[in-house]
Amino acid sequence: MKMKKFSMALAIMMGINGIVPLYAATDDKIKYEAEEATLHNVGLGDNSYKGYSGDGYVAGMDTSDAYIEFTVTVPKSGRYNLYVNYCAPYGEKQETITVNGGQSFSGLFTSNNAFELMNVGAIKLNAGENKIRISRFWGWTLFDYIELEEAGAININTDVSDELINPNATEATKRLMTYLTSIYGENILSGQFAYTTKYTEIDAIYNQTKKYPAIIGLDFSDYSPSRVALGCNKGQDTEKAIEWWKQGGLVTFCWHWQSPIGASTDEDKKWGGFYTKNTTYDLGKAMSNHNSEEYITLIRDIDAIAVELKKLQEANVPILWRPLHEASGGWFWWGAAGADNYKELWTLMYDRLTNYHGINNLIWVWNAQDKDWYPGDEYVDIIGEDIYANKKDYDSQSNGFLKAYDYTGMNKIITMSENGVLMDPDTLVADGIPWLWNCTWGGEFVVPWVGSYDYTEQYTSLDMLKKYYDHSYVLTRDELPASLFVNSDVKEMKVSVTTPSAGDVFDCSTSYSPIPLAATVENANTYTVEFFVDGTSMGKGNEVSFLPSGTTTNADGLVDYTIVAKVTDSAGKTKTSEPVIIQVKLPVVEKMTVNVVSPQSGEVFDCSVSGTSIPLSAEVKNEETATIAFYVDDKLVGTGNDVNWVPTDTVSSSEELKTYYVIAKATNAKGEVAVSEKVAVKVKLPVKEVTQTVKVTQNKTAAIGNSVNMNLEVTNTGDEMDLSQFEIRYYFTEQTALSQTIWCDHSALQMNVSPWYVTLNSDLDKKVVDLGNSEFYISIKPTSRIPFVTNGKFLLQARVTKSDWSNYDQSNDFSYNNGVAIYYKGTLIEGMEP
């Protein structure tokens with residue numbers, strides 16, 4: 001283990017809710033009321049929410065270009081705590097905060113029903129006048145005032161251990177981790193993702209700077225089995241990684257993992273099967289049922305990537321391995337099932353790659369970006385944070401760094417694992433923010449179009465690019481130490497089974513005879529060999545024996561056995577042989593069977609009265625003692641020879657019969673299992689009373705304006721509904737005969753179950769219906785058949801405009817005064833109609 005001492009003064013520290021800096025600040029705060037700021041496409045609230053100061057607060061922040069801009073004055077340049085008094089009655093929201101048109105970050109405003117003051121982070125201000133802008137990102141947040149206070153200083157500890165979480169890491173991987181900890185806080189490593197198979201981003205940077213980035217970022221996306229099945233070009237990134245390493249550069253890999261199953265087959269979606277919105281894959285099901293197709297294909301995919309990682313290990317290339325990135329955002333399927341399922345997947349992947357496949361060339365970079373998603377210090381080497389700042393915002397992104405710094409109490413290296421804009425190295429040094437590396441995303445962030453060798457200044461100017469790559473604080477590929485890339489001359493220890501040989505057949509059908517086991521070991525002087533048959537130890541020594549036992553129900557009597565040898569040297573290092581599979585002929589016995597006796601297939605049972613039971617019974621053949629378990633639709637309902645099963649489901653119609661499938665499983669003393677054929681029965685069930693009710697929360701805008709606005713939240717307070725049978729109508733009056741257009745700024749379904757949050761902007765049937773006599777209504781119908789579950793919320797921000805953009809007067813509109821009308825299957829269930 002190697003440790004180093006280093007500390008750095010910073011003007012921010014972390015709190016519980018995101019970034020909540022705590023400082024030894026001045027006693028006086030500077031306060032600015034929102035209603036006195038510059039307001040763009042926002043208006044004043046109706047003062048119905050409590051806790052505001054001054055004359056009122058700002059509301060209506062629901063148009064795409066809405067913002068509040070404060071002009072503030074401070075006595076000196078430096079970092080200041082920014083407090084915001086806000087109210088978020090429509091749920092948790094994010095809004096964008098920009099300082100003097102440069103530094104920008106997202107402020108997270110948690111749900112509440114009264115104004116409260118929250119510290120959203122630290123900002124840098126110039127002496128004198130400054131502009132602070134709060135812009136709409138999600139909208140629907142109310143703002144009362146901001147306060148500023150001068151920040152004090154804290155220390156960031158860059159004293160980090162170089163010990164990896166995998167004790168069996170390769171020497172090259174250990175050398176790399178030692179080097180990374182040695183420069184942490186002293187330098188930043190330049191990095192660049194290569195987005196295309198031509199890797200033109202790397203060349204575009206070199207053409208301008210005559211330097212290559214220290215780290216190349218690559219992606220295993222095209223190696224995903226379900227993506228390969230679509231016919232994508234064979235991935236080339238493994239070979240590129242080996243080539244880059246040989247040229248003296250470091251490698252980081254992410255994995256845009258095409259969902260194992262369930263990806264959309266639509267032409268415009270199928271290549272984006274890693275997005276939650278483009279797949280039906282359920283990680284929660286995979287984690288809860290290891291016999292499910294979801295789990296089996298999940299393991300298949302990890303094993304496919306293990307093949308590529310083994311190639312890199314054999315080439316002695318250590319990898320900064322960043323799988324399952326940005327999970328907490330939910331936009332990738334591996335984050336759509338919540339933190340617990342994600343953490344289980346992370347540990348499963350670590351165990352599968354490290355312990356099952358023996359992959360030891362990985363430095364594990366965790367990048368889920370939320371403290372509650374942290375899997376534990378024992379599963380993380382480095383913490384990554386992805387930040388996409390505004391174009392040409394070259395700030396040090398200190399708020400993002402300190403958010404990551406607070407994920408764990410154990411000191412870990414923090415890196416900017418993805419970025420869109422480079423950071424000014426002078427600002428990094430001045431602010432003392434010790435990102436270990438940055439890795440700019442490819443495509444539009446570097447080149448004007450995919451495959452181009454030209455550089456684009458759309459995000460980072462050419463001057464800043466050259467400054468960054470020429471700066472003494474920034475390390476490029478040519479500045480990496482040659483000692484990282486030296487391959488060891490030590491030969492790898494090997495072990496192989498020599499007796500028996502693969503495919504050998506041994507006859508033990510009349511008597512059991514011992515089978516000798518032997519192995520040879522290379523490149524080790526002092527060692528111990530242990531033999532395993534089907535995972536069970538047969539003992540230690542260069543030669544041991546295995547005595548078969550038992551019987552088989554296989555007609556030919558042949559049973560496969562897998563033999564491996566494991567060698568351990570004097571230093572404790574281990575190596576396992578390739579498996580050798582042999583066959584042993586055992587005595588044949590009749591196979592145990594089980595059959596369901598009752599009920600009979602096709603029987604109909606009347607269970608319309610709650611509590612009515614159905615008798616289940618079965619018989620076992622070729623086994624004297626066995627335990628019987630009954631399953632209905634794969635759910636255990638009881639054990640024993642006779643079981644009474646009580647259906648608990650309900651139906652919506654008295655005429656409806658529900659089909660159930662019954663099976664029996666018999667287990668004998670040896671643990672052998674027999675499963676019966678499925679028996680289908682039909683059951684008449686109690687009728688469930690179904691209600692369709694909703695609650696509408698509508699945010700009114702001014703009566704006179706150039707659009708009719710529908711800004712509302714519809715909560716399902718009844719039973720589950722089919723969203724495609726749902727309709728919202730807004731009745732209004734318009735005297736002119738100009739054509740009208742509906743714009744949908746935002747529409748989504750927010751639920752407390754998977755898929756949690758679904759954007760519906762492109763899944764709406766929108767039209768303006770002319771009722772005659774200058775009367776109209778806006779009709780908005782979702783076309784998606786996603787279930788509208790109980791307590792789910794349908795969110796809508798839509799508006800209608802005339803072709804000449806002239807004003808509407810809604811003061812006498814029916815729905816402006818009485819609220820929207822909600823229909824389900826054509827029937828009015830909430831609101832009023834004219």
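Glycine too: its Cβ is placed from the backbone N, Cα and C atoms.
The annotation signal peptide is assigned in TrEMBL to 1-24.
Taken from TrEMBL, the feature domain 'CBM6' covers 30-149.
Each residue in the domain 'GH26' (171-478) has a pLDDT score, and their mean in this model is 95. Annotation source TrEMBL lists domain 'GH26' at 171-478.
As annotated by TrEMBL, active site, proton donor applies to Glu326. Around the Cβ of Glu326 (active site, proton donor), a 10 Å sphere holds 21 further Cβ atoms from the protein chains shown.
Long-range neighbours of Glu418 (active site, nucleophile) (same chain, six or more residues apart, CB within less than 8 Å of its CB): Phe193, Gly217, His325, Gly384, Asp386, Ile387, Tyr388, Cys439, Thr440, Trp441. According to TrEMBL, the feature active site, nucleophile maps to Glu418.
Across the domain 'CBM3' (687-834), the DSSP tally of helix, strand and coil residues reads 8 helix, 80 strand, 60 coil. Positions annotated as domain 'CBM3' by TrEMBL: 687-834.
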Inset, instruction - Could you give me the DSSP helix, strand and coil counts for the domain 'CBM6' (30-149)? - result: 3 helix, 69 strand, 48 coil
